[in-house]
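Read through the structure below, which is laid out as structure tokens, and then see the notes.
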Amino acid sequence: MSGFEADNNGISISVAADNKTVADFEVSKKPKRNKFAFACSILASLASILLGYDIGVMSGAIIYIKDDLKINDVQVEILVGILNLYCLIGAYIAGRTSDWIGRRYTIVVAASIFFVGALLMGFATNYAFLMVGRFVAGIGVGFALLIAPVYTAEVSPASSRGFLNSFPEVFINIGLLLGYVSNYAFSKLRADLGWRVMLGAGAIPSVFLAIGVLTMPESPRWLIMQGRLGEAKTVLNKTSDTKEEARGRLSDIKAATGIPEDCTDDIVQVQKQTHGEGVWKELFLHPTPVVRHVLICAIGIHFFQQAIGLDSVVLYSPRIFEKAGITSSDHKLLATMAVGLSKTIFILVATFLLDKIGRRPLLLISSGGMVVILATLGFSLTIIGHSDNKITWAIGLCITMVLSSVAVFSIGMGPIAWVYSTEIFPLRLRAQGASIGVAVNRVTSGVISMSFISLYEAITIGGAFFLYAGIALVAFFFFFTFLPETQGKTLEEMEGLFGKLVGWKEEARKLKRKNKMNEANHQIQLGNNLTTDRQC
């Protein structure tokens, strides 16, 4: 037996019903995680391993490349960071390609291009040859970086949106760890051979990716853009939590692509899509207050994700450990592997918190924590740099802060930048909005990674991290001031939250009160229905 009490217009209603009757009315029960959407997201997000592997493997390989090819620090910075700028070309081409051949085959193209780039880097005989390989690999990474989150967003049901949309960042971190492991595993080879094997081994995951992607369905949004409604309905039914949600998602996509709501044919004629000229005008030339707020949030979150300098920690961790007093190459690579392990563990933790705690709390905790950690890292490196003797506590503090920085970043700023910027754009603006986010993210990352050595030579390595801590502080206030919470919000509710840069909090409170009233009314109605059912 189950008891229920509700107050309706001051009258207390006592309800008792058997378990079967109550179960019939439990419409708000959280649905189970959609296993098919989960599998599709896993396969698509494997593409992000390519970026992670490249970042991780280059951090260790550059130690041996510098000695073998006799290059200077400026060439090191360019070699390490230029891939981020090449990504922009790949991401731009990927947007057009994915509309032409589909999301799934675009991932295959990404894997194929990276495969060629990895082999070119592995067989490089000089710096110029190596840069050609970096260019080709960068195009492949740009393809993967754009298409993985787009496909994942298009197959994700609402209940798992944050969880599944964080997968690309998860696999970037797994790729990062694989790169670090590759560094250590092949560091025992002859110096001129080891770094070539490290880079060339990147061709292996791209082969598995290309094969695995062919087993997953095409994106339902792309299918509808081609007029293949029957296939899209099948995919939506498999990737949605309920039939009602599948119909709702179908209706939204049909509206965005100009297909009449009452059209139910399996194959329809669709008006030829433009390349988004009207969308670009809506984003930049004539934005509504809502679109302007969304755009500022998307650009800001991607800029600050990279501007706080986490890439400097990841890419140059061997140098940071060397500055901290670790001189053995083996020990530096082992310490770097610990960085990758820490980053991977905490990104997995974040995936389970996104849909429970919310985006905004995790983002504020992460950015606030980065302020403290980066400042402490700068302090410990400054102490070490100004001492002629080995200071054990400062070295320990430095290593602890490096590991803490990647952990705290992975809890919030790492995955949320991609999740948040994907979900806040209206459907009609999502593809272009995602490309803007990728562009800002990669340009900022490229600037940070190509300037770190020059920066710390100019203001000391401790000073560089004090600067990053200052940027993280600005990021915290930006997130606190401008970014509303999006967890569990529908598109209509999000449009109510955005539009007032500094007045959205009052709208959020009104929405919260409205939802509570609706929930209370729903419970009262549920009680009345149960009472009627029992009397009958």
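Residue numbers in this text run from 1 along the chain shown.
Placed from the backbone N, Cα and C atoms, the Cβ positions cover glycine too.
Features of the protein shown, as given by TrEMBL:
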- 40-487: domain 'Major facilitator superfamily (MFS) profile' (DOMAIN)
- 36-64: transmembrane segment (TRANSMEM)
- 76-95: transmembrane segment (TRANSMEM)
- 107-129: transmembrane segment (TRANSMEM)
- 135-151: transmembrane segment (TRANSMEM)
- 163-181: transmembrane segment (TRANSMEM)
- 193-216: transmembrane segment (TRANSMEM)
- 333-354: transmembrane segment (TRANSMEM)
- 361-385: transmembrane segment (TRANSMEM)
- 391-418: transmembrane segment (TRANSMEM)
- 439-459: transmembrane segment (TRANSMEM)
- 465-484: transmembrane segment (TRANSMEM)
Residue list, the transmembrane segment (36-64) vs rest of chain: Cβ under 8 Å, 6 or more residues beyond ends.
76, 79-80, 83, 87, 103, 107, 110-111, 114, 137, 140-141, 143-145, 147-148, 151-152, 155-157, 160, 164, 167-180, 182-184, 187, 191-192, 194-195, 198-199, 201-202, 205-206, 208-209, 212-213, 215-217, 238-240, 311, 314-318, 329, 332-333, 336, 340
Do at least three CB pairs under 8 A connect the transmembrane segment (107-129) and the transmembrane segment (391-418), leaving out pairs fewer than 6 apart in sequence?
no
Verify whether three or more Cβ pairs under 8 angstroms connect the transmembrane segment (333-354) with the transmembrane segment (163-181), leaving out any pair fewer than 6 apart in sequence.
yes
Near the transmembrane segment (76-95), which same-chain residues lie under 8 Å Cβ to Cβ, leaving out any that are not at least 6 residues past its ends?
51, 54, 58-59, 62, 65-66, 106, 109-110, 113, 127, 130-131, 134-135, 137-147, 315-316, 431, 435, 438-439, 442-443, 445-454
